[in-house]
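Worksheet for the structure shown next.
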Amino acid sequence: MTTHADTHTDTEAYYIPEPSRWPIIAVAGIFMLFFGLVLSINNMGLAGSLIMVTGFAVIAHLMQGWFGSVIDENLTGKYNGQVSRSFRQGMFWFITSEAAFFVTFFGCLFYLRNITLPWLGGDGQLGTSNILWEGFQYNWPLLNLPDADSTKYVAAKEAMGPWGLPLLNTIILMSSGVTLTWAHWGLKKANNAQLVKGLIMTIVLGVIFFFVQGYEYWHAHHAMDLTLNSGVYGSTFYMLTGFHGLHVTIGTIMLIVIAVRSAKHHFTEHNHFAFEAVAWYWHFVDVVWIALFIFVYWL
């Protein structure tokens, strides 16, 4: 697909934007967000929540300002074919870097389930159960914490199964991929009404997913005692699903921006890379969720 810039020749001067304040604002917002999250998790008082909310606000301002700058530059015809390719390459490497995060987290889960815990359970010559926790038996999900009496860790009452809310969220997220593809078809047919309707349906499904995930967390915390203090099972569960939930939130915000731009007829069948970039990101989030459903909830 081409962008507005693709109508120009590649021999035109490559557009170099003015020095931008947005990258340093991004660093500040992300730092405050996660620093506040760490303080909140460790019960460090109201300061953690305030810092985290401030980080959210800074990131929201960042997205509004940075997106606005890029949109203005595109609409004023400052981009050409070289810039278009740069955007595509940049989005490819951005998604690749995000995939690396998830590969690392899934690798952590694999290492725990297939190496660390079996060793502690006495498998192979490297078994250490008699040294550390005599009588410890490996199972996954790990609900029998061997040192629960001497630490602050509290085992969950039960594991989070795949059926029920996780399956519902899977259906919701897969449906959102279908509605987004339907919107893309409308865009390629120059049917702006179908494009906007498909985007709105995708946004609604993304918001529903977010609230179902929130209710699942509430249920896990209050009914199942599944918390971050529930040993490696609790920490890996919230690490993987929470990081994915953050991506769903970011993707939903980007979809809202694209929907507003679509309503203003910013895209044509030959000029819509911004839509494609967000669609790539959203489908990436869909694929990650399938892996989560299989390896975190099901197996």
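Placement of Cβ uses the backbone N, Cα and C atoms for every residue, glycine included.
What TrEMBL lists as domain 'Heme-copper oxidase subunit III family profile' is 10-299.
Annotated transmembrane segment per TrEMBL: 22-41 (among others), in sequence order.
Annotated transmembrane segment per TrEMBL: 47-71 (among others), in sequence order. Within the same chain, residues 17, 20, 22, 25-26, 28-41, 253, 257, 261, 266, 274 sit at least 6 positions outside the transmembrane segment (47-71) and bring their C-beta atoms closer than 8 Å to a C-beta of that stretch.
TrEMBL lists 92-112 (among others) with the feature transmembrane segment.
For 195-215 (among others), the entry in TrEMBL reads transmembrane segment.
Using a Cβ-Cβ cut-off under 8 Å and counting only residues 6 or more beyond its ends in the same chain, the transmembrane segment (235-260) has close neighbours at 63, 67, 98, 101-102, 105-106, 108-109, 112, 160, 173, 180, 196, 199-200, 202-203, 206-207, 209-210, 213, 217, 220, 226, 228, 274-275, 278, 281-282, 285, 288-289, 292, 296. Residues or ranges marked as transmembrane segment by TrEMBL: 235-260 (among others).
When Cβ-Cβ distances below 8 Å are used as the criterion, the transmembrane segment (280-298) is approached by residues 91, 95, 98-99, 102, 106, 109, 160-162, 166-167, 169-170, 173-174, 176-177, 180, 202, 236-237, 240-241, 244, 247-248, 251, 254-255 of the same chain, each at least six residues removed from its ends. The feature transmembrane segment is assigned by TrEMBL to 280-298 (among others).
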